[in-house]
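Contents: one structure, followed by commentary.
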Amino acid sequence: MLPSIVLVIVDGMGPTTMEAARIVEYGNSNSSFINFFESVRPVSTQNIDNNLTDSAAGGTAISTGYRTANGRLGMDENGVSLQNMVEYMRVNHPEYVTGVISKVYSGHATPAAFLVHSGDRQNSGNIYQSMLDYSKADLIVGAGYEHAKPFESKFKAQKYNFITPTAFKNNKNIINETSLPLITTMDDSEYIPFFMDEPESTLIRVVRQSINRLNQTGPFFLMVECSLVDFGGHENNGTKMVGDMIEADMLLRELMEMKDLKTVVVADHETGGVTITGDLKGLDGIPLPREANGTEAHIIRQKRIDQLGLKYSTGKHSNSFVTFGAHGFGPVNWVKTTSDVRRFINLYLDGVEPTPYDGCVKNEAENIFKNRFYYKPEEEGKKHNKNGRIVLGIVVGIACVLAAVGIVALVYALIKRNRKGKFIKMEDTRQTLQITNIHE
């Protein structure tokens, strides 16, 4: 049986972020779920210039196995396109389906590194056009409908089923009920709510449904970005940062419990340069969040976060090592940089190193899913429906002719029996027929 793989990128996650989430959610005596992975290692995040990476270069390193310059999405430092993981799977494993999920809009740095080739991470129009030109993903889920809206008709022309924020909010099961290929925009704004701002996790619900949808089709590769740890770090906001780190760990727990699934987790960089300075003895009198549900659990989490005394050295990214984890693969002891993540997956699947300059094939308009093993073209359905309507019309027409012939024959027989101008009353649901002055 071919293995399905989920790659979780927790944007902005550093060792202290993980520790803060562990203390808040599980207490000093328990471990977060990432620490139950078979392999857990520190990895470097530096870009090709050995400087602080941004999320574009960081995502590209993970997706392509090639360290690049900041601002580049799926390109090297010279602007040459690099094959991303989704493209690799489409070329070398067409029996797999692929997906990209994020809490931010799909053209944002990390998800875009798996979907596009662009030299400017800030150019949203160019990024979405590149998505149309190059993306081979069977499932794309993100926020930011305002970014995607100008391209909606073009995605539909490529046969994507396009789910708008209104449809997403009106039907919580819509991803389960929508055929591949599909694009979902969960919100009009650039990101969906932080974990601490909603009673239950939208991200986890969406990942569950997406895995179910992909799994019905075959083995899959899925990238999930837990996007907003980074946002909280940039704002030096412990509630947002730690809350979304807790959500990421909850997601890892769910993935670990799924059968026949292999999981990789990594961060593209750390954000905020965060440290814990509080007196943690103050946590002793505060219950653990697992003893409550929904909003009440969030109130407890907030009280525990307030006890951490979080301090920040920056509102930007730091050069801190981040954590790589792998579950279901056996021991892994050689991964040292974020660019090794793609190498690790390649070597596991095929025993070969990535060749990042291969396989960036531009899409043929409206034909990118024509040969997909699961795809049932809409036009074929229309053709069958049209043929069905033609056959039905012929049958109904014949029936009408036969009925008319029968009525004429009946009238003629009655006329012959009732000559001499008598009145003949023919009862039906519509009228009484009067026949006079009949002569042979």
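For all residues, glycine too, the Cβ spot is worked out from N, Cα and C.
Note that TrEMBL annotation is computational and uncurated.
Binding site for Mg(2+) per TrEMBL: HIS108, THR110, GLU225, plus ASP11 from the candidate set ASP11, ASP306, ASP340. Among the binding-site residues ASP11, ASP230, HIS234, ASP268, HIS269, the ones whose Cα sits within 10 Å of the Cα of THR110 (Mg(2+) binding site) are ASP11, ASP268, in sequence order. For the pair formed by HIS108 (Mg(2+) binding site) and SER55 (active site, phosphoserine intermediate), distance between Cα atoms is given as 9 Å, rounded to the nearest Å. Each of the binding-site residues HIS108, HIS234, HIS269 was scored by how many other Cβ atoms lie within 10 Å of its Cβ, and the smallest score goes to HIS234.
Sequence-distant neighbours of SER55 (active site, phosphoserine intermediate) (same chain, 6+ residues apart, CB-CB distance under 8 A): ASP11, HIS108, ALA109, THR110, ARG121, ASP230, ASP268, HIS269. DSSP assigns GLU225 (Mg(2+) binding site) to a strand in the three-state reduction. All protein chains shown were included, and the count of other CB atoms within 10 Å of the CB of ASP268 (Zn(2+) binding site) stands at 31.
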